[in-house]
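Feature list (source: TrEMBL):
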type     : residues      : note
DISULFID : CYS193-CYS200 : disulfide bond
DISULFID : CYS248-CYS288 : disulfide bond
DISULFID : CYS422-CYS662 : disulfide bond
DISULFID : CYS448-CYS452 : disulfide bond
DISULFID : CYS470-CYS509 : disulfide bond
DISULFID : CYS522-CYS535 : disulfide bond
DISULFID : CYS556-CYS561 : disulfide bond
DISULFID : CYS558-CYS589 : disulfide bond
DISULFID : CYS563-CYS572 : disulfide bond
DISULFID : CYS597-CYS642 : disulfide bond
DISULFID : CYS621-CYS630 : disulfide bond
DISULFID : CYS627-CYS695 : disulfide bond
DOMAIN   : 43-450        : domain 'Integrin beta subunit VWA'
DOMAIN   : 621-700       : domain 'Integrin beta subunit tail'
DOMAIN   : 724-768       : domain 'Integrin beta subunit cytoplasmic'
TRANSMEM : 701-723       : transmembrane segment
Amino acid sequence: NPPQFANLSAILGTYFRTFPLAQLMDISNCIYSRCRLPFTVFLFLQNFSKEGETSSSRCDSLSNLIARKCKRQDIINPQSELSEIVNDPFQIRKDNVIQIKPQKIRLALRRGLPKEIAFKFKRAEGYPIDLYYLMDLSYSMKDDLEKVKSLGKQLLDALTSVTKSIQIGFGSFVDKTVLPFVNTNKEKMKNPCPTKSQKCQPPFDFKHVLKLTNNADTFNTEVQKQHISGNLDPPEAGLDAMMQAAVCGDIIGWRNVTRLLVYTSDDGFHFAGDGKLGAILNPNDGKCHLNSLGFYEDSHKYDYPSIAELAQKLAENNIQPIFAVTSKIMPIYQELSKMIPKSAVGELKEDSSNVVQLIKDAYNNLSSKVIMKHNNLPDGVRIEYKSKCSDGENVNDKNGTCSNVKIGEEVEFIVTITAEKCLDKTYTFEIRPLGFTDKLEIELRTECNCNCDDSFEMAEHCNKHGSIKCGICSCTNNRIGQFCECDPGQQSTQELVTACHRDNSSASCSNQGDCFCGRCTCHTSPKKKIYGQFCECDNVNCELNLGKLCGGHGTCDCGTCKCNSGFSGSACQCPQSDQRCKNNNGRICSGRGTCECNQCKCNTGYEPPHCKECPACPSPCPKYIHCVECLGFDSGPYKDNCTASCTNIKHNKTGTVKQKPCKEKSSKDCWIIFSMTELDGVSQYEVVIRKEQDCPKPPNIAAIIGGGVSGVLLIGLAILLIWKLITELYDRKEFRRFEQEKTKAKWQDGDNPLFQTATTTVINPLNN
């Protein structure tokens, strides 16, 4: 038994005392409830419970009951049971391949106790295959379609080397036929090719073309009929197509064999939420919507599936996808493959010429990796896997996984199943390897009943008023009690039960006793005394102080501490003394607080332990400056009545002023320097005053007037000088400009037309 259940009896006693009395009267229900608990056993020995001890003491850990001298034959300890129903040997026959054993088991689990189940897997040779080829027919895949049209025989021939039983089918996809995924122009809806000279089929979401068949000629014929199509945006409706191929099993023609879904494309994919771009708001419902022509007719009603939804449907239908995509989008599909268990990704050449080898390699990789997965697991049941692979590696994970399992090789898996609660019925769930049809079927129930075979009618042990079942009396004739010794008489059972309640809101016997004949019989415990009319009192449920009951200075009596001499308080935490509250002068809390529990509770602002200082209080210096002035210098407003006005101020004439003294102005505008010390009590101070005041000297009136007049004269003189300097500079500037213009002037020679010379010359023509 685990060590954490060493005190299980005490835990169970508390647990079962919370049960209604009417339920405890039903012995079978009581035992049934106890046997549901993990790591517990039940004792059906008579005369086991002591007076005041509950019947729950019979239900305890095995080690505790053995320690109480109980015999193993008197103890009921239900165990988990495992039986193999079908365990056929491994077979590799074509019509009946068996790769997992055992095939069916029946398991009865004890609640809370884990049970290990070991089973083996052996990879068979030539396991049948169904391969559905799902191709992107958007315009960029034109070259690839031509290659695929002759692919059928090559594909069958390649996989025939792996298995003799193979079927192939074909489907195609483009995108949803609404904007913005395709061009909805009427002409483009008929022929979405870039030019009218090219022939393209109308766009569609998904089309199932060929049901799974083993006829390569039929495959080639149907694929030959296909034409390329087109859409607008690069991502395609590949996830839509995969979802329909997974859930439309009857239409696709899937057999109960290995199912491969080959997905070929040269671009990305739309997923959940992208449909909103085309006003498609309904989430994908994960159901089949193919019409009689094989088209996904409701693609305009439902959004693209999410990756998680698709992965779930692929796993439910045991389909392994192989993504054959071009190099430019390999990273996208590698990330997608990580989210879809048992899937593979391969690089497809631009013309799909390597698709056959790619499929063959991917199949070999997928079939050599064994991943166990469970489904239909009931609520409250937990399962863990441990894998013992052929390379000797042991792996613990949420799914059993072994890689590189060769044909004919055996690997072992161990699952640990734990029921965390009792199940209401038998459930069936499966564990199977992904990609294979083999499975381990498990019928699971929980063992939650104590099967006792000691029933005795009208036994002496029960005073002949009851029968024994599992060591406990089941009374008749309205008798009650551990041994059916109580006759309630005219009182009803309800009246007797009510008599054990202190009030309507309390539990029977305060959940600390058993109601017997309308009286409470209190439980007993080595570390706890329970008493009172209704078992309402005990000696442990009192207030703690410093981790001790009643502070270690008293006793607990029915929820109240009774303190020893010298202590008080709700938890006896207070010594009845005031020594810690006294300061050096013997004054309690310095007169500025009260002593409670030997600790000072100070007035606002003052600090313990003795309420001496008040760091947050304002300085008293400004408030008492007039008292200081009258006491120290016999001046100020209180001069005539100093003693009466300053009764709370004591003047120390012999002391010295402390550092950081007060400095305040007196009524005469002199600075007074002094220090104040707070005495015991409220607003009681001692002051030490420096004898000299710091008074400012009176002003020199003559100097002030002379300075003022001199200043005015100097300012006026300065202004005149500045004005004179400015005008002088201006005149000089104008003169220089005049001189420059004078030198540049060019004067013309000419006579004044108004000037008349004073000399007149007259020539006589006769003198010639």
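Keep in mind that glycine also has a Cβ here, set from the backbone N, Cα and C atoms.
What TrEMBL says about a protein is an automatic prediction, not a curated fact.
For CYS627 (disulfide bond), applying a Cβ distance below 8 Å and a minimum sequence separation of six or more within one chain yields TYR638, CYS642, SER645, CYS646, ILE649, VAL687. A separation of roughly 27 Å, to the nearest angstrom, links the Cα atoms of CYS200 (disulfide bond) and CYS288 (disulfide bond). Summary for the disulfide-bonded residues CYS193, CYS558, CYS561, CYS563, CYS695: the Cβ-based neighbour count within 10 Å is maximal at CYS561.
A separation of roughly 21 Å, to the nearest angstrom, links the Cα atoms of CYS561 (disulfide bond) and CYS522 (disulfide bond). Break the domain 'Integrin beta subunit tail' (621-700) down by DSSP state and the numbers are 16 helix, 21 strand, 43 coil. Closest to CYS448 (disulfide bond) by Cα-Cα distance, out of the disulfide-bonded residues CYS522, CYS572, CYS597, CYS621, is CYS522. The Cβ of CYS535 (disulfide bond) lies under 8 Å from the Cβ of CYS509, SER510, GLN512, GLY513, CYS520, CYS522, HIS523, each on the same chain and at least six residues away in sequence. In sequence order, GLN244, VAL247, CYS248, ILE251 are the residues near CYS288 (disulfide bond), counting only same-chain partners six or more apart with C-beta under 8 A. Distance noted between the C-alpha atoms of CYS695 (disulfide bond) and CYS422 (disulfide bond) is 97 Å.
Mean pLDDT, taken over the domain 'Integrin beta subunit tail' (621-700), works out to 87 on the 0 to 100 scale. All protein chains shown were included, and the count of other CB atoms within 10 Å of the CB of CYS200 (disulfide bond) stands at 21.
When the Cα of CYS563 (disulfide bond) is compared against those of the disulfide-bonded residues CYS193, CYS422, CYS556, CYS589, CYS662, the shortest separation belongs to CYS556. The disulfide-bonded residues considered are CYS522, CYS572, CYS621; of these, CYS621 has the fewest other C-beta atoms within 10 angstroms of its C-beta. Sparsest Cβ environment among the disulfide-bonded residues CYS509, CYS597, CYS630, CYS642, CYS662 (other Cβ atoms counted within 10 Å): CYS597.
Sequence-distant contacts of CYS589 (disulfide bond), defined as residues of its own chain at least six apart whose C-beta falls under 8 angstroms from its C-beta, comprise CYS581, ASN583, CYS595, CYS600, LYS601, CYS602, HIS610, CYS611. The Cα of CYS662 (disulfide bond) lies closest to that of CYS621, out of the disulfide-bonded residues CYS556, CYS558, CYS621, CYS630. It is 93 Å from the Cα atom of CYS558 (disulfide bond) to that of CYS193 (disulfide bond).
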